[in-house]
Amino acid sequence: MFGTLASGDIEPARLRRDLRITCNLGFSCGGFEDIGMRLEGENLVPRGAEENREVVAETAPFQVERPLFQQTQKLVVGYALTSKKKKSFLQPKLEFMARRKGICFVPIDLNRPLSEQGPFDVVLHKLLGKEWQDVIEDYQQKHPEVTVLDPPSAIKRIYNRQSMLQGMADLNLSDCSGSIYVPKQLVVLKDSASSADRVVEAGLKFPLVAKPLWIDGTAKSHQLFLAYDKHSLAELEPPLVLQEFVNHGGVMFKVFVVGDIIKVVRRFSLPNVSSNCEKAKANGVFKFPRVSSAAASADNADLEPSVAELPPKPFLEALVKELRTLLGLRLFNIDMIREHGSKNVFSVIDINYFPGYGKMPDYEPVIVDFFHNLAQAKHKKRHYK
């Protein structure tokens, strides 16, 4: 389709049309800007090379290297995201880096049947609701060749804090340089005041972290409280999960997982309970600070080495490998804490699907590498069929 072109032998309008890069079925992935060129009159001029215009003379042939165009058609990613998630995730830098690797992000029209759109190589989504779940599951069944990130059935488990951490005790981490636990917890579906007896029966010790049972995408579903005694339970709104608080030196580790890629950041968390007892008693319940925001970063803070030291890499790799199998997810993050005074005894306290990757430093190359690896895997699969 593309060969050696003399700019004097072709009209500018046709040149613009013929050199417009498009992905499968008409999704525009970029034009002259993507190949570092711009059209000036009837000449193609390298962008930023005004001083060297003689390089592209009117009679000089313009050669388009085929590998560059081939790269732009490697992977089409259809996405269905909330406006908030789209804004935080699909940053201009990410889309620019993706295009250079041949990855094209295409919005999915929620007002049209998904089966009429595409074709897509990957469907990336984070929408709630039974209707959307049915749409994705039906699409996945009819198009097994498309990678869905991630399966709705797997995501559903993460949205319930009762099922979220089930199976953690069975992970095979015996040969790793660390150990993992889940704090004791109790689900309260109604009447928080009468749950005090159940807390005692279950062997939970105060203080307790209170979390909403369901993660529904709202800010409220991520609000955490510390209940210091049984009287404060009456102030909490069910349904919720009560989880034993573990002293961890006021630092939490957010382990971002993008396929096989792992990135860890530190976040400030609630200090050890001993320093907050009086405040918790006075207020009944103590509201946790938000630890997910970049403003809560503890990566550059002056911390005790025993608190700030990241979990061992082999341990994290083994843990993530086991969790990917257990959860059936490729895009998630783990909230971990190190038990205060221990070397490498950790607790997993939360798992989030498709977290705020935009809060992870230099997230763009990580995401691009992940999709680039998907593209290569798909290419190999097609090649060896």
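Just so it is clear, glycine is given a Cβ too, placed from its N, Cα and C backbone atoms.
As a summary of secondary structure, the domain 'Inositol-tetrakisphosphate 1-kinase N-terminal' (76-155) carries 36 helix, 19 strand, 25 coil according to DSSP. Residues or ranges marked as domain 'Inositol-tetrakisphosphate 1-kinase N-terminal' in TrEMBL: 76-155.
Its own atom aside, the Cβ of LYS126 (1D-myo-inositol 1,3,4-trisphosphate binding site) has 20 Cβ atoms within 10 angstroms in the protein chains shown. Sequence annotations record features per position, and here TrEMBL assigns 1D-myo-inositol 1,3,4-trisphosphate binding site to LYS85, LYS126, HIS222, LYS254, ASN352, GLY356.
Residues or ranges marked as ATP binding site in TrEMBL: ARG161, LYS211, 243-254, SER269.
The domain 'Inositol 1,3,4-trisphosphate 5/6-kinase ATP-grasp' feature in TrEMBL is assigned to 177-372.
Annotation comment: TrEMBL describes ASP335, ASP350 as Mg(2+) 1 binding site. Close to ASP350 (Mg(2+) 1 binding site) in the fold, though at least 6 residues off in sequence, lie ARG161, MET164, LYS211, ILE334, ASP335, each with a CB less than 8 Å from its CB.
Here TrEMBL flags ASP350, ASN352 as Mg(2+) 2 binding site.
Across the fold, the C-alpha of PHE245 (ATP binding site) and the C-alpha of ASN352 (1D-myo-inositol 1,3,4-trisphosphate binding site) stand 19 Å from each other. Shown are the binding-site residues GLN243, ASN247, SER269, ASN352; of these, the residue with the fewest other Cβ atoms within 10 Å is ASN247. Around LYS85 (1D-myo-inositol 1,3,4-trisphosphate binding site), the same-chain residues six or more apart in sequence whose CB sits under 8 Å from its CB are LYS126, PHE354, listed in sequence order. For the binding site of 1D-myo-inositol 1,3,4-trisphosphate, formed by LYS85, LYS126, HIS222, LYS254, ASN352, GLY356 according to the record, the largest Cα to Cα distance is 20 Å, rounded to a whole number. Just so you know, the Cβ of ASP335 (Mg(2+) 1 binding site) picks up 19 other Cβ atoms within 10 Å once every protein chain is counted.
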